[in-house]
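I have placed the structure first, in the form of structure tokens, so that the comments after it can refer back to it.
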Amino acid sequence: MGKEKTHINIVVIGHVDSGKSTTTGHLIYKCGGIDKRTIEKFEKEAAEMGKGSFKYAWVLDKLKAERERGITIDISLWKFETSKYYVTIIDAPGHRDFIKNMITGTSQADCAVLIVAAGVGEFEAGISKNGQTREHALLAYTLGVKQLIVGINKMDSTEPPYSQKRYEEIVKEVSTYIKKIGYNPDTVAFVPISGWNGDNMLEPSPNMPWFKGWKITRKEGSGSGTTLLEALDCILPPSRPTDKPLRLPLQDVYKIGGIGTVPVGRVETGVIKPGMVVTFAPVNVTTEVKSVEMHHEALTEAVPGDNVGFNVKNVSVKDVRRGNVAGDSKNDPPMEAGSFTAQVIILNHPGQIGAGYAPVLDCHTAHIACKFAELKEKIDRRSGKKLEDNPKFLKSGDAAIVDMIPGKPMCVESFSDYPPLGRFAVRDMRQTVAVGVIKAVEKKAAGSGKVTKSAQKAAKTK
């Protein structure tokens, strides 16, 4: 086997009919975790339903349907391999909770792949003022996904097919608007593809002899190639934040007979190991970690990205819950947030939002109502420049700096210190009405919380 390949996460974005599913399906189909038997089964079903033209999107439809119904599908289905990486597709839009998932995302995407359709009129629809292309790209950038690849899809349906002129026109247009958002087009690979026919997906296309390949220049090293797969190989691997203090938002807390209380969650920053004394915020409970395990194997330490369960001493299941955050009691322990200042972008709200609005915030694993206490300034959502002080209202499309107060104790962090704990989705009327990143947190001075005996003992022996 040799050394395992690095894992990277991508998010696939673009307008509803750009061909995201077909393109993603193609990659999973050709390089991924779907076994031949499943594919044959899908093909047979497709033929019976008269969807013989199914090709790849069908694969994704099947997987999506299973995901939507909450069937835990074998997650390998959303993985594929390049020569350098194991790639996981964290989410593909079209999924109901896509925006929420992208923000509270169980994991941060390392790169966004933007698919735009080159067909006559299609590109224009996707990029128009109300097309989703812009919104997705803006979201990705706001949420800290700084690497981008653009797949110019459906090259087989341009007039004439595989038109170089059309490709160049689109590259020019897309470059202009991703630049406005904040991406540097020199660092972005633009690849003309057909997710359906496979042009430039895994192998160079004989249909576009004019295409001399894509090039990117960046300080971390430049790259060039012809296919989408090669562009994925050029993604810079993430540096996992092991050197930061520990932050581990809890997803669940279990009571396991003979073992005791076992909180479960994903390490976002830092490391957790047996013997460490951890503090849970906002409940302010401090105790010793007895053991850490992942997939039923004991670990000497868990690092960012690991989903772990850890056993804690003298803490009852009633003391800690989902949405709490564990951290190292001796190294910038997490604390309750009294209030925080955030930059929010209103995505789709039918009316106006004024001070006093109190929707639910989804931030890491916490789900808590927060009040928009003060609208401080309205800003230009691309440049961040101030447009007006103390606006009375905000409406869809606006960006603003807002002071927020949690309705119940909550632990959040500024995006610059701990990115996964510093971005949130604002939910109201069963949809995501806004997204935000936290600029600053006013932490509550912790009173004397519960410190278990084992924590006191551990402190003495150190």
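Glycine is treated like the rest: Cβ placed from N, Cα and C.
Positions annotated as N,N,N-trimethylglycine by Swiss-Prot, on the basis of similarity to another entry: Gly2.
Positions annotated as domain 'tr-type G' by Swiss-Prot: 5-242.
For Met155 (GTP binding site), other Cβ atoms within 10 Å of its Cβ number 30. The GTP binding site annotation in Swiss-Prot covers 14-21, 91-95, 153-156.
The region 'G1' annotation in Swiss-Prot covers 14-21.
Sequence annotations record features per position, and here Swiss-Prot assigns region 'G2' to 70-74.
Feature annotation from Swiss-Prot assigns region 'G3' to 91-94.
Long-range Cβ contacts of the region 'G4' (153-156) within its own chain (Cβ-Cβ under 8 Å, at least 6 residues beyond either end) map to 18-19, 22-23, 115-119, 122, 162-163, 167, 192-197, 199-200, 205, 207-208. The region 'G4' feature in Swiss-Prot is assigned to 153-156.
Under the heading 5-glutamyl glycerylphosphorylethanolamine, Swiss-Prot lists Glu301 (among others). Annotation for Glu301 (5-glutamyl glycerylphosphorylethanolamine): spatial neighbours Val271, Ile272, Lys273, Val292, criterion Cβ-Cβ under 8 Å with sequence separation of six or more. DSSP assigns Glu301 (5-glutamyl glycerylphosphorylethanolamine) to coil, not to a helix or a strand.
Taken from Swiss-Prot, the feature 5-glutamyl glycerylphosphorylethanolamine covers Glu374 (among others). There are 15 other CB atoms within 10 A of the CB of Glu374 (5-glutamyl glycerylphosphorylethanolamine), with all protein chains counted. The DSSP secondary structure for Glu374 (5-glutamyl glycerylphosphorylethanolamine) is strand.
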Inter-residue Cα distance where the pair is Met155 (GTP binding site) and Glu374 (5-glutamyl glycerylphosphorylethanolamine), in Å: 49
Neighbour tally for Gly14 (GTP binding site), based on other Cβ positions within 10 Å of its Cβ: 27
Integer average pLDDT (0 to 100) for the region 'G3' (91-94): 54
Structural state census, the region 'G4' (153-156) (DSSP three-state): 2 helix, 1 strand, 1 coil
